[in-house]
Amino acid sequence: MHEGHQESFKELEMTKPYMFFNELVGEEDYNKELENSNTKFQGQGQLKLLLGELYFLNTLIKNKTLCSDTVIVYIGSAPGSHINFLYHYMDDLKIDLKWILIDGRDHDRSLESLKNVSIIHRFVDEQYLFKLRNMIRKNHKIVLISDIRSLRGKEPTSEDLLHDYALQNQMVSILKPIASSLKWRCPFPDQWIRDFYIPCGDEFLQPFAPPFSAEMRLLSCYSRAPIRLIRIDKNAAIEYEKKMFYLNTKIRPKIVLDFDYPNQKYDYFYMFYILKDIVLPTYKEFSTYKQKVIFLQEAIFNALNIKP
């Protein structure tokens, strides 16, 4: 059991957070009237991305998948201010990566002077993916990160999402990455258009996502198994909606009991669980997980100009 709580309480007893969608067992019918909070703090979006990408890249480090002949291809990377932290984190670990950042929007200026970072100012289509594949040396392994989103900059329609997922499938098929982190939010059942396919992967739940976000990251490693696609139908969409609404209304707003940390809110508990196992250079040693996570949180919040 992950947690034990009563409906009326605003506290949880948990030994670990829900990290992946398949761990969610509770369901809650969607209720638009409950979606009354859109409060976000400055830098929250970049924090969400940074924590998810730290987890993803650390998984590859521990699996000995990530090494110095690797190119990180990040499509939809702007503004990307969090990438500066990732870059210096990898540099501290002496992992000499190459980065290709691609977006038609403007990137944070702090990225322009970084060594081995190429910034390409354009949006991606199938034709450009073939060109990109030919640009990258054949002996370089590709790790793909995608954060593509609607050109309108608003909540995407189901048609927008289907277009994005078809494009992400092309990214995986053409670039042939050894691993990928893809943006993933199932279209809502009441806006359903048609069934579609996505790559198999672990559906990573994002700490510090907006309060009622149903977005996840689809994490896949292809070095041990070929790419497989799974079909998503309307029944799956109903399950996604109910379980993500349960997570966002019954779990994330609460505090975690017996969690010895300055902030006991669920998203901080989740962040703690990710950061406590992050690989660090050998010269950075801590006597407790709490010391380690406080150190990392301060570094991350300072990098993103977040006021705790």
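Even glycines carry a Cβ here, placed using N, Cα and C.
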Let me know which member of Glu159, Glu239, Glu241 Swiss-Prot also records as binding mRNA at the site of Tyr30, Arg185, Cys186, Pro187, Phe188, Asp190, Ser213, Ala214, Glu215.
Glu241
How big is the gap, in Å, between the Cα of Tyr30 (mRNA binding site) and that of Gln46 (S-adenosyl-L-methionine binding site), rounded to a whole number?
27
Return the maximum Cα to Cα distance in Å (whole number) over the record's mRNA-binding residues: Tyr30, Arg185, Cys186, Pro187, Phe188, Asp190, Ser213, Ala214, Glu215, Glu241.
17
Going by C-alpha positions, which of the recorded positions (Lys183, Phe188, Ser213, Glu215) is nearest Asp147 (S-adenosyl-L-methionine binding site)?
Lys183
What is the nearest of the binding-site residues Tyr74, Gly76, Gly80, Arg105 to Phe188 (mRNA binding site), using the Cα of each?
Gly76
Summarise the model confidence on the region 'Binding to NPH-I' (177-257) as a single mean pLDDT, whole number.
96
Residue among binding-site residues Gln46, Ser213 with least C-beta crowding, 10 angstrom cut-off:
Ser213
